[in-house]
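Visitor: Before I ask anything, here is the structure I am working with.
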Amino acid sequence: MGALGFMSYFLVSFSRGGAELLFAGVRNHQVTLPSQSQPWTMKQLLVWIRANLLKERPELFLQGDTVRPGILVLINDADWELMGELSYLLQDQDNVVFISTLHGG
Amino acid sequence: MPVVCSCCAQARAMLKRPKTGHSLCRECFFWAFEEEVHETIVSASLFTRGETVAIGASGGKDSTVLAHVLKVLNDRHHYGLKLLLLSVDEGITGYRDDSLETVRRNQRQYELPLKIVSYEELYGWTMDAIVKQVGLKNNCTFCGVFRRQALDRGAMMLKVDKICTGHNADDIAETVLMNVLRGDIARLRRCTAICTSGEGEGAVPRCKPLKYAYEKEIVLYAYFKRLDYFSTECIYSPNAYRGHARAFLKDLEAVRPSAIMDVIHSGENLSVREGVRMPVQGTCNRCGYISSQALCKSCMLLEGLNRGLPRLGIGKHHRLHGKILAQQPLTLDEERKLKAVDF
């Protein structure tokens, strides 16, 4: 049900892994998304991140509709593959973490 | 709609394993991950009781997880091993010095002795200096060759019985793909071996306990266990050939996660047709290290660096080995070809 006049906010963070470099080195972002009639999906969040947070080289973070293969997404510390991936409906105060695996070990 | 762990059926599942498709809770995941490494170690008989084992530690995710898991398994299953950390300092400003700080922290956290060997002391060249001479296209060749030998030399200084490295399933699958793409049949046959034979002077056997561990699982293990690791891409690596194989493999994994294990399986089960010429293993005439040519790659590369001929060692120069060993001068034409550098 669409919430009237309340803004949902989420914590979006980029775990050490290099991903934060694409976001001006800032690891933790408290994000407030404008309210809309339908709940925000992860897919929409990615579009929003690209427009508002991503500072450079979008192709290193996104590929098509989704994240680049090799970037893991956790929602409230759980694998987003268990939550429906792009179609997951964001809830107020959700914590989304992106971890890049694409670096030396 | 939280999913329940498919193992204990009690706790909430926190991740979906790409290897098996199972949804597991944190504790069951830790257990599965650790015990699979244990299974790899036991079934391949990687270690013998009482051995001293050096863990190649870079401060990155793989070697940190390797050090942690080996310590856990050594205690839990009483392997009776003496473990220590061995690090290589290639002399890459802003990358290696930061990751070595992480290794030093690991040393304190895991309470393991640490030894660091550097290119500077072993070869007289840091990677920074090498890149200045060689450029950004073939520099990874130098680094990889030198690092292999550096690990062996460090291991011999420490008198260890074995080295182990954090190569994971993704790495090995990438290597298989790379060797197919390059048509390197000799390497293709060797690259899936979990343990090297360690024959020849100056070579310590080395093994890869994480050979069947998916990179994604290593990252999640480190994340959930809050392990301290360093993570950026080496500043000199963006043009490395491996990057292409990696991108391809990641796309394959997205379509079908078992692809990584399948590629390794294919690599392991390759057989070579009769009559295909293969290099014969010998030793380097100059330093005695294992080599299939008269001069080992490391000596060739160093010779090139020291004589200002950066392309010596990149590509094949069998005919020149003899000349170089005998310290005969090269013709003007030979020198010109070896000097040309692609920046």
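For all residues, glycine too, the Cβ spot is worked out from N, Cα and C.
Just so you know, TrEMBL annotations are computer predictions that nobody has curated.
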Visitor: For the ATP site that TrEMBL assigns to B:Gly56, B:Ala57, B:Ser58, B:Asp62, B:Gly166, B:Asp171, which of the candidates B:Val37, B:Val88, B:Val134, B:Val145 is also assigned?
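Guide: The candidate from B:Val37, B:Val88, B:Val134, B:Val145 that TrEMBL ties to ATP along with B:Gly56, B:Ala57, B:Ser58, B:Asp62, B:Gly166, B:Asp171 is B:Val88.
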Visitor: Applying an 8 Å Cβ threshold (strictly under) against chain A, tell me which of the binding-site residues B:Gly56, B:Ala57, B:Val88 fall inside, in sequence order.
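Guide: Out of B:Gly56, B:Ala57, B:Val88, none lie under 8 Å of chain A.
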Visitor: Validating a neighbour-count step here. Other CB atoms within 10 A of the CB of B:Gly56 (ATP binding site): how many?
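Guide: For B:Gly56 (ATP binding site), the 10 Å Cβ neighbour count is 24.
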Visitor: How many of the residues that make up the domain 'Cytoplasmic tRNA 2-thiolation protein 1 C-terminal' (B:282-312) does DSSP mark as helix, as strand and as coil?
Guide: 10 helix, 4 strand, 17 coil
Visitor: For the domain 'tRNA(Ile)-lysidine/2-thiocytidine synthase N-terminal' (B:53-233), what's the mean pLDDT in this predicted model?
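Guide: Summing pLDDT over the domain 'tRNA(Ile)-lysidine/2-thiocytidine synthase N-terminal' (B:53-233) and dividing by its length gives 89.
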Visitor: Does DSSP put B:Ala57 (ATP binding site) in a helix, in a strand, or in coil?
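Guide: Where B:Ala57 (ATP binding site) sits, the three-state DSSP reduction gives coil.
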Visitor: If you skip the near sequence neighbours and keep only those at least six away, which residues in the chain come within under 8 angstroms of B:Asp62 (ATP binding site), Cβ to Cβ?
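Guide: B:Gly166, B:His167, B:Asn168, B:Asp171, B:Leu210, B:Glu215, B:Ile218 - these are the non-local Cβ neighbours of B:Asp62 (ATP binding site), listed in sequence order.
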